[in-house]
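Quick look at what TrEMBL lists:
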BINDING   Thr7, His8, Asn9, Glu10, His11, Lys12, Ser68, Phe146, Gly147, Tyr148, Asp149, Lys169, His174, Arg175  substrate binding site
ACT_SITE  Asp67  active site, proton acceptor
BINDING   Asp67  Mg(2+) binding site
Amino acid sequence: MEILVATHNEHKKAEIQQILPDYRITSLSDYQLFDEIIENGQTFQENAKIKAQYCFQKTGKPSLGDDSGLVVPALGGRPGIYSARYAGDHDFKANIKKVLEEMQGNAERSAYFITVLCLISEDQERYFEGRVYGKLAHEVSGEKGFGYDPIFIPEHHNLTFAEMKTTEKNKISHRAHALRQFLEYLKA
Ligand code: IMP
């Protein structure tokens, strides 16, 4: 069975293919779908659905949309759905700077990453969610990963995601948890 993933990111496609070896994972690029998908939902769920729906409407294939972000309860849940463009569009340095500035002097530093997946096919619309809890560091550390990795320390660890090996991060990440939920569902 094929699952079309609403991404142009080949790394994301490969990560999902690795977790779902029995399925043929395709991406937007495989269908020459280069329209900009406007993610104007108010929740992670709505944004994941917008992406899945676009793919399903274009191809009729079972389609998977995803939306992820960093949630900081002490900041009222921000950056949340605005994670990618909190200070500047995919400007990871500026985004991190803004979060650290807003958190200055705040001792309540708990945070989590969340991924929501939405699967849409002929007869269903289903959601899967994964989270990884941790806390925000006071300064950036590490070179690996992307986004907020240099300031996020997952619980039971002393290193930021950007200091951990990618394979270690990928075992405990929000994306991995959500994909495992998805896999369990497919197996059932
Ligand atoms: P997306 O929905 O997967 O594109 O994620 C949206 C944004 O959330 C990214 O641009 C990052 O800023 C942030 N983000 C999501 N997942 C991660 C992660 O694993 N590490 C660091 N930042 C992340």
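Cβ coordinates are placed from backbone N, Cα and C, and glycine is handled just like the others.
Positions of the features from TrEMBL, shown on the structure.
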| residue | record | contacts (Cβ under 8 Å, 6+ apart) |
| --- | --- | --- |
| Thr7 | substrate binding site | Lys13, Ser27, Leu28, Asp66 |
| Asn9 | substrate binding site | Ser27 |
| His11 | substrate binding site | none |
| Asp67 | active site, proton acceptor | Glu39, Gly41, Phe44, Gln45, Asn47, Ala48, Lys51, Ile81, Thr115, Val116 |
| Ser68 | substrate binding site | Phe44, Ser83, Phe113, Ile114, Thr115, Val116, His174, Arg175 |
| Gly147 | substrate binding site | Leu70, Ser83, Ala84, Phe92, Asn95 |
| Asp149 | substrate binding site | Gly142, Thr160, Phe161, Ala162, Lys169 |
Entries of Asn9, His11, Asp67 (recorded positions) sitting next to ligand 1, with Cβ under 6 Å as the cut-off: Asp67
Protein Cβ atoms within 10 Å of His174 (substrate binding site), excluding its own: 22
Largest CA-to-CA spread of substrate binders Thr7, His8, Asn9, Glu10, His11, Lys12, Ser68, Phe146, Gly147, Tyr148, Asp149, Lys169, His174, Arg175, angstrom: 22
Mapped DSSP class for His11 (substrate binding site), helix or strand or coil: helix
DSSP three-state assignment for His174 (substrate binding site): helix
